[in-house]
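Peer 1: Following this message is one structure expressed as structure tokens.
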Amino acid sequence: MTLSFITRWRDELPETYTALSPTPLNNARLIWHNTELANTLSIPSSLFKNGAGVWGGETLLPGMSPLAQVYSGHQFGVWAGQLGDGRGILLGEQLLADGTTMDWHLKGAGLTPYSRMGDGRAVLRSTIRESLASEAMHYLGIPTTRALSIVTSDSPVYRETVEPGAMLMRVAPSHLRFGHFEHFYYRREPDKVRQLADFAIRHYWSHLEDDEDKYRLWFNDVVARTASLIAQWQTVGFAHGVMNTDNMSLLGLTLDYGPFGFLNDYEPGFICNHSDHQGRYSFDNQPAVALWILQRLAQTLSPFVAVDALNEALDSYQQVLLTHYGQRMRQKLGFMTEQKEDNALLNELFSLMARERSDYTRTFRMLSLTEQHSAASPLRDEFIDRAAFDDWFARYRGRLQQDEVSDSERQQLMQSVNPALVLRNWLAQRAIEAAEKGDMTELHRLHEALRNPFSDRDDDYVSRPPDWGKRLEVSCSS
């Protein structure tokens, strides 16, 4: 089957990119590809059998027209000016059979006009982390970009140490970022901001294109998508680590996996990025930061969208987030209905978990085994203050009995939303260290495991992290 690529971005947004081709690596070789995703995209298996090829930027497929996008942004709350694709190149937009499209974005593809002081490269460590994280999030049901392939090489890349150069093929319906809009707003070119909005609506919100109120309705949906995404992050204990405006997707996708981390111990102020000295992007601050980012986007739209309409949409953010968050947390607790004591029970559990530094994922998974008429719980042994747990657990079982559903029905629901497996940093690190020595077994094994996060397991993927893995520090270095 011949893949079809189109050039909407190149043709319709001529001032938002520089056309250029990837710069191949030395002795590049394909070490992993996503068979399931490749099948979904109707990619012939033969493309993965002839060396690095397109996956290493050595060849282009018919119809591809590679380019690097320009955008700007706020980083750690401070205006950073022009940024752009400093190491990534959009190879093309694949047109799928259903009429939708998928960007093919090659990360680590070499120098671009937007590399600033960088070398345009990515390292094996960061490409493995992004591939694992994006696939883990996908199978958790959270909107995200996807990983299609990883290529490693003999090219040395200099970070804190010398690391192997690598490339990641990332795919997504769009790489539209909040920072694209900021770029032209701060250049005082509101007509180009509007052009971006029209492009987004035409291709991703086409049902609004003929509505006279399209900009307001579109921004309302961007707010809602962002609120929903952040709510989902919070329910699985995911910290992004670097929520700059240029790292946020207009479509509400999780984008740019750098110094991310999933909670081990329940620590509301968890900081996963060791460069985040002020805790701006701490786990518990993500909802507030996302609203701040939406406010920055609203500012760029203010020349052609009524400020009252923008503020009305922004005012809806908290309620949308709380609604999504509340629904999912009730499911995680096994509540089939909404009762007035639900929030108090959840907050009391969180207080107990924070005090005891309980493992976030394990606590909710073990809670899924609760039998409403039995005071016995395997979760009890996870707490030192047994009396405090017993008191909370008795009230929790009383709340379960209000819903009048069987244990099996409730447990099935809970186990479908409380994963047994999340991508803890130590699991990724173990796969990385093996891969850097030439052994890809753990990389493939972990990828396979992450496809079934809600299945019961009895291996170390679902055990408590070892001491060395609890406080792994991760930087933006990639």
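Every residue gets a Cβ built from N, Cα and C, even glycine.
According to Swiss-Prot, the protein carries these features:
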{"type": "ACT_SITE", "residues": "Asp246", "note": "active site, proton acceptor"}
{"type": "BINDING", "residues": "Gly84, Gly86, Arg87, Lys107, Asp119, Gly120, Arg170, Arg177, Asp256", "note": "ATP binding site"}
{"type": "BINDING", "residues": "Asn247, Asp256", "note": "Mg(2+) binding site"}
Peer 1: Which of these recorded positions has the least crowded Cβ, counting other Cβ atoms within 10 Å: Asp119, Asp246, Asp256?
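Peer 2: Across Asp119, Asp246, Asp256, these recorded positions, the one with fewest Cβ atoms within 10 Å is Asp119.
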Peer 1: Report, as a single number, how many Cβ atoms besides its own are within 10 Å of the Cβ of Gly84 (ATP binding site).
Peer 2: 23
Peer 1: Cα-Cα, whole number of Å: Asn247 (Mg(2+) binding site) versus Asp256 (ATP binding site)?
Peer 2: 6
Peer 1: Rounded to an integer, what is the Cα-Cα distance in Å between Arg87 (ATP binding site) and the residue listed as 'active site, proton acceptor'?
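Peer 2: So the Cα of the residue listed as 'active site, proton acceptor' lies 14 Å away from that of Arg87 (ATP binding site).
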Peer 1: How would DSSP class Arg170 (ATP binding site) in three states?
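Peer 2: Strand, per DSSP.
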Peer 1: Let me make sure I understand the span of the ATP site: among Gly84, Gly86, Arg87, Lys107, Asp119, Gly120, Arg170, Arg177, Asp256, what is the greatest distance between any two Cα atoms, in Å?
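Peer 2: It comes out at 22 Å between the most distant Cα atoms.
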Peer 1: Which whole-number value in Å describes the distance between the Cα atoms of the residue listed as 'active site, proton acceptor' and Asp256 (ATP binding site)?
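Peer 2: Counting only the Cα atoms, the answer is 9 Å.
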Peer 1: Report the member of Arg87, Arg170 (the binding-site residues) whose C-beta atom has the most other C-beta atoms within 10 angstroms.
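Peer 2: Of the binding-site residues Arg87, Arg170, the most buried by Cβ count within 10 Å is Arg170.
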Peer 1: Counting across all protein chains present, how many other Cβ atoms fall within 10 Å of the Cβ of Asn247 (Mg(2+) binding site)?
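Peer 2: Asn247 (Mg(2+) binding site): 21 neighbouring Cβ atoms within 10 Å.
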Peer 1: Which secondary structure state does DSSP assign to Asp246 (active site, proton acceptor), in the simple three-class scheme?
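Peer 2: The three-state answer is helix.
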